[in-house]
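Colleague: Positions annotated as domain 'G-protein coupled receptors family 1 profile' by TrEMBL: 51-326. The transmembrane segment annotation in TrEMBL covers 36-59, 71-94, 114-142, 163-181, 215-241, 270-297, 303-325.
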Amino acid sequence: MAEMFNVTVLLKNETDSSGFRPKITLEQFSTWYGGIHGYLSLIVCFFGIPTNFINITVLTRKHMQTPINLVLTWMAVSDLLTMASYVPFAIHFYCDYPSNAISPDKNSIAWMTYLLFHVNFSATSHTISIWLGVSLAIFRYHHIQSPETGNFARMRRLIKSRIVIFGIITGSVLLLIPNYMSTNLELLRENSSMYVLEDFKLGTSKVKPVVFLNLSLYSVVAKFIPCFLMLVYGALLLRTLDMQVRIKRRRLSKLGVIIQRPLHTARTTVMLLVVLVLFLLTELPQGILIVLSLIRAGFFEDVYIPLGDVMDILALVNNGVNFILYCSMNREFRRTLLSMMCTMSGERKSSLGTELITDSMRKCSLLTDRNASIRNEFTHEDVQTFNLRCNDGNSVMSVSAQRTVTEEKHAGTYNNIG
């Protein structure tokens, strides 16, 4: 959501009371990083878009349809849409033109309208992805706690997951209605063709109530509450896994089985920790910065804007890294992916072999038909010549008739051999 504010205010390089002047200010860092942010974000998007498509393809296989995988599928859809929307934004506002520049071509009404769409669309899809991550932790925890098995329990969980996903999508759209209403375009100055997003005047008494409500709701409902729930259920999930391992170890020890290492795989624990760390690094700092921008004058221009691109790249990395996590830490995902690749490779080879055989048979058929046609035409002409000579009273057999007789003898000999 950092890209929603098209405002660039430089941080003043004033010396503080202690006489200390920082060597690298946020302004200088933002200017330097803005020059490479567009290209880095495109690299992440061009990796994340196809890999999220692969995630969707693998997770929607029939044997992979579980409540957890259903949530992961819609997370991949949401992440894919977020990055797809970011590609044109990064190309135009960072690669084609400098990030801190304003020009009639860069800030035209068409491109600023797309920016307005991108702001609202990416905020919505990213909020959906955040809450799907929370529901993933909750579903996983209750799945471990519940001893129910069988097709009926599985179908009941699938129905619940579908209802929760629909509720998350609907709730995210409703939550961001104030954002849709408060984000508008305005002319940079009178008699100008350059447009910018309307200044929110955050941290001042001039801030609009709808803007204050929007950012307050967004920071609490889309940042702090998801972070809190993720931490709580993540900790409960790790604690449950540890308790199950201890119970299994105790049972096996009674049977005389010596355990040299933990029964649970370290990959599961590492995967959970990676998800938690990425989630917290992406969402919690941004929520804190939004709240400080609302209550402190000048904080939005001096701190939030210079760090906006960094928060964007962290969110993009979080959207595109799931494929690596699934491949490295989920055996069933790897097996399904490899099976699909082998099936596609086998079909391609089978199709190529069939085409080669068909082509060879077609060539042989054409060659046989051609030889038969030439033979039939040659014999027919010679017979006509022979008949004409006989009708004229010529008792001498023509050379063409001799060729016909010879050809028929050869054909008869060939047929006898065959």
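All residue numbers here begin at 1 and follow the chain in the order shown.
For all residues, glycine too, the Cβ spot is worked out from N, Cα and C.
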Colleague: If I take every residue in the domain 'G-protein coupled receptors family 1 profile' (51-326) and average their pLDDT values, what number comes out?
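Modeller: Per the prediction, mean pLDDT sits at 85 for the domain 'G-protein coupled receptors family 1 profile' (51-326).
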Colleague: By a Cβ-Cβ criterion of under 8 Å, what residues six or more beyond either terminus of the transmembrane segment (303-325) are in contact with it?
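Modeller: Sequence-remote neighbours of the transmembrane segment (303-325) are 2-3, 5, 7-9, 11, 26-27, 29-30, 33-34, 37, 40-41, 44-45, 47-49, 51-52, 54-55, 72, 75-76, 79, 82-83, 86, 99, 126, 129, 271, 274-275, 278-279, 281-282, 285-286, 289-290, 292-293.
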Colleague: What residues elsewhere in the chain lie close to the transmembrane segment (114-142), defined as a C-beta under 8 angstroms and at least 6 residues from its ends?
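Modeller: That would be 1, 3-4, 6, 67-68, 71-72, 74-75, 78-79, 81-82, 85-86, 88-89, 92-93, 157, 161, 164-165, 168-169, 171-173, 175-176, 179-180, 183-185, 197, 218, 222, 226, 229-230, 233-234, 236-237, 240, 275, 279, 283, 315, 319.
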